[in-house]
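Reviewing the structure listed below.
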Amino acid sequence: MSTLSAALLVLADGRFPAGGHAHSGGAEAAVKAGRITDGASLESFCRGRLHTAGLTAAGLAAAAAAGLDPLGLDAAADARTPSPALRAAARRLGRQLTRAARAAWPSPDLDALAAARPRGAHQPVVLGLVARAAGLGPLAAAYAAAYEAVSGPATAVVRLLSLDPFEATAVLARLAPEMDDVAARAAEAALRAFDEGLDALPAGSAPLLDITAEQHAAWPVRLFAT
Amino acid sequence: MHLDHPDTYPHRHTYSAPTRPDGTRRALRIGLGGPVGSGKTATVAALCRTLRDELSIAVVTNDIYTREDAEFLLREAVLPPERITAVETGACPHTAIRDDISANLEAVEDLEEATGPLDLVLVESGGDNLTATFSKGLVDAQIFVIDVAGGDDIPRKGGPGVTTADLLVVNKTDLAPYVGVDLAGMARDAKAQRGELPVAFTSLAAEDGVAPVRDWVRERLAAWTATAP
Ligand SMILES: Nc1nc2c(ncn2[C@@H]2O[C@H](COP(=O)(O)OP(=O)(O)O)[C@@H](O)[C@H]2O)c(=O)[nH]1
Ligand SMILES: [Mg+2]
């Protein structure tokens, strides 16, 4: 398992230049539909996302960090992403992360994945490979994915609703124990996937996020790409 | 873990290198920033019209919450549609051109791939306040566009765009008489803020009004071609 490393802070920093700032993780659609209106509803939204799409992403990231074949994981990510809009976004974000990571932690594995998937591999898979290049292990990779699953929407809602930024940060802090749990489960599943195959990885999904992502992609006017 | 010597390939993965992977000189990238409504899109359109017969050009727009700039350029048919790309900026236009340039770099790369080799890529910012500037990792030179209707105190107030842009454009001079703006005073203030850096006064409403900007772009391009392989 990974040792504690500051590289995780660099990777999980919201300012890491990998394109995340243009995405709300479904929060923009939820705000428009009136499902996120304040700190409490933001917390419910983030909790739902963490335990579904977040857990799935964390499992993929942990598996890539553990050294499972990234192309197999990329196919597994496709199978776990029914929404075409979200597939496209995940690949685009994966490509952007690859760009930033090849400057930060150059690695032959990243070069090889970039060559095999020039339009981008799924972001969680790339994230796991980047974690590996940065000397981090599966658990750290799962943490980065789990944190991203909730920090993106929280930041977006501060912009969308002018929500008090202290309240948004308090939401993230309250979710920290659940992020611990999700990361641990994801890392554990990644190790099982070595023996049992990729089906051992989490495949949670949030149908409403998939449906609203498709609708959001068709809006003529929006602040965020997803 | 594979460690790279930072000096061996200083630009290897950062895309600011002046050459393409095959060693040829990549397109010159020029950013256009400045407040909303100052005339950035109009300048891009005018530059495309006047330069498209001599240069291979593409445009990236960074709209804040619509695709209007890109759609305007498409409607005006200043370039074929495959040469114009809109980047979504997530409610934060300056982030996309300065702090996290990955989406813009991707757009530039895709345009090169689909329509290249290109001579010139124009990147229009979504329009922001006076502090927004382009990262050097994204563009080779930047133009900051303000207009006389925004008030004649903007050059005096300075800010990174006004003071450091490679070219300051003061647009809509045709409106100066109507808004009671002192152009000579603006020129003096700009000089005080910018020293030797150039300033162009333009009216895109006039025939060939973009000429001073076009001439500057030609100079930059000549310098770019002369230095890079
Ligand atoms: N009178 C006048 N109007 C201009 C000039 N340049 C641009 N405009 C108009 O100003 C408005 C905003 O221009 P636009 O290029 O969209 O600004 P942007 O937000 O900076 O891209 C449009 O209606 C233009 O037609 C100019 O030199 N004179
Ligand atoms: Mg514009």
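For all residues, glycine too, the Cβ spot is worked out from N, Cα and C.
Summarising the annotation, TrEMBL assigns compositional bias 'Basic and acidic residues' to B:1-10.
Here TrEMBL flags B:1-24 as region 'Disordered'.
What TrEMBL lists as domain 'CobW/HypB/UreG nucleotide-binding' is B:30-199.
TrEMBL lists B:GLY34, B:PRO35, B:VAL36, B:GLY37, B:SER38, B:GLY39, B:LYS40, B:THR41 with the feature GTP binding site. On its own chain, B:LYS40 (GTP binding site) has B:LEU32, B:GLY33, B:GLY34, B:ASP69, B:GLU124, B:SER125, B:GLY127, B:VAL145 as residues at least 6 apart in sequence with a Cβ closer than 8 Å to its own Cβ.
With a cut-off of under 6 Å between the Cβ and any atom of ligand 2, the binding-site residues B:GLY34, B:PRO35, B:VAL36, B:SER38, B:LYS40, B:THR41 reduce to B:LYS40, B:THR41.
Other Cβ atoms within 10 Å of the Cβ of B:THR41 (GTP binding site), summed over all protein chains shown, number 23. Other Cβ atoms within 10 Å of the Cβ of B:VAL36 (GTP binding site) number 13 in total over all chains.
Proximity of B:SER38 (GTP binding site) to non-local residues of its own chain (separation of 6 or more, Cβ distance below 8 Å) is seen for B:GLY127, B:VAL145, B:ILE146, B:ASP147, B:GLY150, B:ASN171, B:LYS172, given in sequence order.
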